[in-house]
Amino acid sequence: MSRKPRLLLVACLVLLIGAALPKGSRAEEPGGAAGLRFGFYNATCPAAEDVVFAEMHAILREDPTLAPSLLRMHYHDCFVQGCDGSIMLRSRSGTAERDATPNRSMRGYGAIERIKARLESVCPLTVSCADIIAMAARDAVYLSKGPWYAVETGRRDGNETLAEYAETDLAPPDSNIVDVKTFFSVKSLNSKDIAVLFGCHSIGTSHCEAFEKRLYNFSADTEQDPSLDAVYAAKLKKLCPRGALHAHGGWATKVPMDPGSGFTFGLSYYRHVVAGRGLFQSDGGLLHDPATKVYVDRMAAASSPDEYFEDFAAAMVKMGRTDVLLGCLGEVRATCGIFVD
């Protein structure tokens with residue numbers, strides 16, 4: 001099956017920019033995706049961001065472990081067919097993005113539905129699921145002691161979802177830096193964006209299956225990844241013993257991605273990576289590329305997170321522009337997780 005006909009976006013935007021948008025609109029400004037802008041809902045739903053934040057505050061008070069999941073959801077949504085909310089769509093036949101292997105451990109769908117229901121009671125059929133995911137990710141970071149940043153809004157929701165797209169568009173955790181750069185470059189994200197966005201691994205956990213290859217089957221020549229700190233590797237093996245990895249479906253044990261930090265967004269991730277304690281092979285791979293290594297080393301030595309917080313905000317806004325649906329494309333759904341078959 002072919003990909004969504006994104007080329008229609010060109011014709012649609014010609015109409016929007018030439019006829020519908022007022023002269024001087026932010027949609028015509030360079031550097032942003034046409035149609036996305038800060039404060040998109042100021043006139044149609046001025047309470048939108050306040051509603052999202054209030055719900056996120058309540059959601060994370062009830063379950064703070066959802067913060068990294070909701071941040072991850074935005075990344076997984078944007079990298080598969082663009083930031084269009086398609087990760088929320090459901091399939092009775094098990095062929096939706098959320099059914100794909102990279103998304104089987106995803107949590108937070110209920111949180112997005114909760115926020116959407118609240119917004120529907122205030123501004124029916126106005127705020128898209130794609131925008132809710134983007135705002136929820138920002139609030140998840142902020143409520144984890146990370147930066148606050150303005151989110152461009154105006155995305156519309158896609159109505160196509162295929163698991164095979166998620167299988168091919170998301171970089172596996174055992175990717176080397178060359179592969180990671182390829183995955184990101186397709187989305188117009190550069191080496192600095194990679195180093196910055198990988199910092200989101202400062203919050204959250206992972207299941208053993210995502211990094212077991214580094215411990216027990218790294219290559220034909222060596223069982224364990226030699227770049228992995230030996231003491232850290234020994235601790236991981238205790239948490240994820242070889243014989244128990246696939247018990248109970250392999251999802252029983254959760255390991256912090258940033259040892260000692262857990263659910264506080266900050267710079268400790270970079271210090272762990274420099275010390276050989278990045279959990280995933282792709283984390284360690286940041287040291288194998290000159291551009292990403294320079295950034296990782298600088299953040300690891302930084303005494304303040306200010307530079308990183310500014311860079312993270314810029315990278316998230318940039319990622320949030322990926323292949324968005326605007327204007328006459330897409331839709332605004334009343335419910336995010338509808339069935340498509």
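Any Cβ shown, glycine's included, is placed from N, Cα and C.
Per TrEMBL, signal peptide is recorded for 1-27. The domain 'Plant heme peroxidase family profile' annotation in TrEMBL covers 35-340. Positions annotated as active site, proton acceptor by TrEMBL: His76. Here TrEMBL flags Asp77, Val80, Gly82, Asp84, Ser86, Glu97 as Ca(2+) 1 binding site. As annotated by TrEMBL, heme b binding site applies to His201. Annotated Ca(2+) 2 binding site per TrEMBL: Asp258, in sequence order.
Comparing CA positions across the binding-site residues Asp77, Asp84, His201, the one lying closest to Asp258 (Ca(2+) 2 binding site) turns out to be His201. There are 28 other CB atoms within 10 A of the CB of Glu97 (Ca(2+) 1 binding site), with all protein chains counted. Annotated Ca(2+) 1 site Asp77, Val80, Gly82, Asp84, Ser86, Glu97; additional same-chain residues within 8 Å of its Cβ mean position, judged by their own Cβ, are His76, Cys78, Phe79, Gln81, Cys83, Gly85, Ile87, Ala130, Gly158, Thr161, Tyr165. For Val80 (Ca(2+) 1 binding site), the count of additional Cβ atoms within 10 Å of its Cβ stands at 28 [all protein chains shown]. Annotation for His201 (heme b binding site): same-chain Cβ neighbours under 8 Å, separated by at least 6 residues, are Met257, Asp258, Tyr269, Gly278, Leu279, Phe280, Asp283. Separation of the C-alpha atoms of Glu97 (Ca(2+) 1 binding site) and His76 (active site, proton acceptor): 9 Å, rounded to the nearest whole number. Proximity of His76 (active site, proton acceptor) to non-local residues of its own chain (separation of 6 or more, Cβ distance below 8 Å) is seen for Ile87, Glu97, Pro102, Asn103, Met106, Ala166, Leu170, given in sequence order.
Annotation for Ser86 (Ca(2+) 1 binding site): spatial neighbours Asp77, Val80, Glu97, Asp157, Gly158, Asn159, Glu160, Thr161, criterion Cβ-Cβ under 8 Å with sequence separation of six or more. If you take every residue in the domain 'Plant heme peroxidase family profile' (35-340) and average the pLDDT, you get 95. For Asp77 (Ca(2+) 1 binding site), the count of additional Cβ atoms within 10 Å of its Cβ stands at 29 [all protein chains shown]. Gly82 (Ca(2+) 1 binding site) counts 24 other C-beta atoms within 10 Å of its own C-beta, drawing on all protein chains shown.
A sphere of 10 angstroms centred on the C-beta of Asp258 (Ca(2+) 2 binding site) encloses 29 other C-beta atoms.
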